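Read the structure below first, then the notes.
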Amino acid sequence: MPAMLTDVFRGHPIHLPHSHIPDFTSLRELPDSYKWTPKDDLLFSAAPSPPATGENIPLIDLDHPDATNQIGHACRTWGAFQISNHGVPLGLLQDIEFLTGSLFGLPVQRKLKSARSETGVSGYGVARIASFFNKQMWSEGFTITGSPLNDFRKLWPQHHLNYCDIVEEYEEHMKKLASKLMWLALNSLGVSEEDIEWASLSSDLNWAQAALQLNHYPVCPEPDRAMGLAAHTDSTLLTILYQNNTAGLQVFRDDLGWVTVPPFPGSLVVNVGDLFHILSNGLFKSVLHRARVNQTRARLSVAFLWGPQSDIKISPVPKLVSPVESPLYQSVTWKEYLRTKATHFNKALSMIRNHREE
């Protein structure tokens, strides 16, 4: 990430106990600090969608002739979808999964050599959203912004260059895919490149930036009382998630409650982020999601968090705003929005909404 965006985190340091991350494999009982109740998160016990409904986020074949409309419909109704035939080699997905498993399989003290600082973005630690909750989450993460060389050298003195190559190749594929998906979704609304000059599909994508988030949700002795990653929306345009074959990701829909997203081999999950919600004037839904944990199987995921450069103003596309109404949201840069999110968390979107109801 450019320095400007990194400065947001320096200006909002969070005091998270990275050094107190336990050796999850040694815990046979769930510590009280990891036991969640509805008091800790109002949506913790929200009713899950009954399996009989058969409702789930769509799996979209990007080679399907109607993929554009299918993606648009998914963004409007779910705020999330899965994709196949996405062009990312299966071998590369296997490589990034192997890297992620290798990293989190290291001894805790080795991982702490690359711990994220209070004012930093990159490195090992707990989720930044942990500061908004009283209870701890049953997970560990590793954030990559820019080159991971220095951090990886601390973790793997002998093999860090190979792992850096995997990350670089993965990010290159993700950047192209994210831009393609954004434009497929916007095209479904009749939006063209003439309407958003800063995001040309034919450019070298220098208008965008991203972070890579590696996540590990260890086996948990009491999964029904624990939380892997608490409910939140992403501050991105789009997030592209690769998950191994262990279920745990859940998305929330008002009429269904929590819906578990089943892993399909080789597929990727795409989440609409807050900035895409703003850009679409609220037509595309920024999806509330969380991660639950498992008693018998660990879960790994890799999230590509994608958005614009720090100085690009994001505002509703004029074509999507009624001539007799004002845009639903104020114009905001990613840098400005992250500041708002750092203070107001899941209420951040409502804070920049025009004509807020008091």
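Numbering starts at 1 and runs along the chain as displayed.
Cβ coordinates come from backbone N, Cα and C, glycine included.
Features reported for this protein in Swiss-Prot:
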- Arg299: active site (ACT_SITE)
- His232, Asp234, His289: Fe cation binding site (BINDING)
- 204-308: domain 'Fe2OG dioxygenase' (DOMAIN)
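In sequence order, Ala231, Thr233, Thr239, Asn271, Gly273, Val287, Leu288, Arg290 are the residues of the same chain, not among His232, Asp234, His289, whose CB sits within 8 A of the CB centroid for the Fe cation site.
For the recorded positions listed here (His232, His289, Arg299), the lowest count of other CB atoms within 10 A around the CB belongs to His232. Around the Cβ of Asp234 (Fe cation binding site), 25 further Cβ atoms fall within 10 Å across all displayed protein chains.
Counted with DSSP, the domain 'Fe2OG dioxygenase' (204-308) comes out as 9 helix, 47 strand, 49 coil.
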